[in-house]
Amino acid sequence: ALCIQDDPHVKVMMAGSTLRKVKSRSWKKQRHFRLLEDGMTIWYKSRWAGRGHSTFSITEVEAVREGHQSEVLLSIAEEFPADLCFTLVFHGRQGNLDLVAESTEEAQAWIQGVRKLIHKTQTMDEKERLDQWVWDWFNKADKNKDGKMNFKEVRKLLKMMNVEMNEEHALHLFTMADKSESGSLEIEQFVHFYKMLTQRDEVWKVFQDFSGDGEKLMLEELENFLRTEQQEGEQSAQHAQELTDRYEPSESAKKQGAMTFDGFQMYLCSQEGSIFKPEHRQLHQDMSQPLSHYFISSSHNTYLLENQLRGHSSLEAYIKALKRGCRCVEVDCWDGSDGEPVVYHGHTLTSKILFKDVISTLKEYAFKVSNFPVILSLENHCSVEQQTVMAQHLSQILGDTLLTTLVDGLIPQQLPSPQELKGKILLKAKKIGGLEVCLDETLTDEVSDEEEMANGECSDDPPKSKLSRELSDLVVYCKSVHFHGFEHARLHGKCYEMSSFSESKAKKLAKEAGTDFVQYNTKQMSRIYPSGLRTDSSNYNPQEMWNVGCQIVALNFQTAGLEMDLNDGLFRQNGCCGYVLKPDFMRDGSTQFSPEKPDGKQGYKPLRLSIQVMSGQQLPKVNQKEGSIVDPLVRVEIYGVPQDQAREETSHINNNGFNPVWNETLNFVIHTPELALVRFVVEDYDKASRNDFMGQFTLPFTCLQAGYRHIHLLSRDGTAIPPSSLFVNISISELT
Ligand SMILES: *[C@@H]1O[C@H](CO)[C@@H](O)[C@H](O)[C@H]1NC(C)=O
Ligand SMILES: *[C@@H]1O[C@H](CO)[C@@H](O)[C@H](O)[C@H]1NC(C)=O
């Protein structure tokens, strides 16, 4: 389907190569790999497996890493040089595929070839994407690989695709698509058949309402639609022209300045037609305010890939978190053998990794998806000797990347900004004394023992002997201190001092002293962590902590579910850079905002949100059992200040995951729109037990676009599942 078959690297992939698949030091087996004719599916088998084989699609691959960039490949580094090795990293939770080629040329062909194909899939437009999706299914179902399917096979395939249809209707369309009257469809004919089957009546109706002749939208008709339904105001005229240029497939319609139904549907299914404001996907917020004015995407127990009792500690977990935009990672350090500190969940059966390897990984991956600073939160259980080793590793491995001095040489009255700290890693840990000592040192080059003693004693730090001076010196803007109440912080708190709160402590403070907490967080940062009782690595609701302005609300990134959906949802805005500017009423030190009483806020203006849930498209199958068809329902959940917490759902539609139509309107009142998140969840209704999760999408209320919009659904672990979507009609108005 993709036209890059002439590329020399892709040609090598199509011819096929023998590669070693490596699972561990001892498990290394040869497999024959090749790229199938569709240019998208990679097929592989062992020589003696008979007909057995495996396949995966390029769309499942997130990235290719070159050389020894996985734990497994590192473990065989002496046996196989780096230029033969590479790793395919998959989206979501599927494990990596570590491979070794027989020659450098072959390794390069696969590395470059797969990268090109990934790039191609990422830059496909909606139409190509849908075509690809249908191709993938066709290839999966075409077991004997003859490139043809009769009606019986097509019927079976449609069932696999979650398409339930009227048999007579389907047979009629099948006959129409079978132009050669051969009784079977080739792939292009199947794509055509599929498109006839997925005709969207509700979109057609909207089109008819605005089209004068029922066949096309002239520019002014499209402009009228954008102004009245999509609520685009001023920009409508210019936007109508741009949309026609971008989405209209027919050249003759374009010449007339018109949009056909195909173009209209293409626009509605595109990113621009989606529910998320395109300009909020980009970096668009002021990044020059103090760090304490931002919510920061933060992970807890970053080293764990699974649960806390026996899970696997892995460098991969750091890579995954950083790639997801996380800007505060946690390192739990303990004394290791041979004087090398290790990272793992102390006193449990979790496996161990070397501290220095974690730091090297951090150096490599910290700034791949965002340039803004990374905070390294140190949970230090080491002896003074190994702390000094840690300090040496940090300085040597990170070099200039590690921030070790004040940005402007002055004792700060407020924290520096993400902008000023671009490309820097900040250490958050205990420190002997304050920044004043730091400054003295740079001036006098020497501190007497007495001074050190004095500083050590008057702070909350552990006795000085427990802390390595070298490590302490690397802490600048994120000094860990104990929390002694808001009053104490008002009088004595320094902007570079930060405290950690357990979820229950933070929850209690938020409830009892919300306004104090909001004020405290305008100047100092707070870090919230999950209760130690959550040994299954479950998460708490981060919204309650964001409501009082806590910046570092650390979650177990490895645990999928509602809480991570909220985290991904909040940080989806502002270019996914890991920093979101708090609303203005949470940045002013004398703010009177209380999440418990949103109507007391200056400029309080509640909004009415009305969501007409119209239809669903190609919803994912939850239960792969043959013959099972879903009964989908849509629930809209609002997260925000306590008064805004709400949920409403549609009724369920029996036996239709393919093109269910609900046409039900759900209404909400939002008191603090600046803090609200909207989550759309699709579930398979079950009368007897809990409903099954099918897909979701979460976004900040402020990023909602009004009008007719598609919501592109995500799987439980946050990866895209095209072409599954919801079609909704959204209106937002002031409450009168
Ligand atoms: C959806 O509901 C609205 C209002 O109740 C109604 O006017 C419209 O005809 C319905 N559309 C469909 C496709 O059922
Ligand atoms: C969509 O919402 C708008 C505004 O509430 C309304 O005027 C319009 O009739 C709705 N569309 C349909 C098909 O119900």
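Glycine too: its Cβ is placed from the backbone N, Cα and C atoms.
All annotation found in TrEMBL is predicted automatically rather than curated by experts.
Ca(2+) 3 is bound by GLU330, ASP332, GLU379 in TrEMBL, and the record lists one more residue there from ASN224, ASN301, which is ASN301.
Of the listed candidates (ARG469, ARG527), TrEMBL assigns ARG527 to the same substrate site as LYS428, LYS430, SER500. Long-range Cβ contacts of TYR685 (Ca(2+) 5 binding site) within its own chain (separation 6+, distance under 8 Å): ASP631, PRO632, LEU633, HIS652, ASN691.
Sorting each residue of the domain 'C2' (587-715) by its DSSP state yields 12 helix, 59 strand, 58 coil. Taking the Cβ of GLU379 (Ca(2+) 3 binding site) as centre and 10 Å as the limit, one finds 18 other Cβ atoms among all the protein chains shown.
GLU330 (Ca(2+) 3 binding site) sits 40 Å from ASP686 (Ca(2+) 5 binding site), taking the Cα positions as reference.
Least crowded of the binding-site residues (GLU330, ASP332, ASP684, ASP686), judged by neighbouring Cβ atoms within 10 Å of its own Cβ: ASP686. Working note on the recorded positions SER180, ASN301: by count of other C-beta atoms within 10 Å of each C-beta, ASN301 ranks first. Taking the Cα atom of each, SER180 (O-linked glycosylation site) and ASP684 (Ca(2+) 5 binding site) are about 40 angstrom apart. In three-state terms derived from DSSP, SER180 (O-linked glycosylation site) belongs to neither a helical nor a strand segment and is classed as coil.
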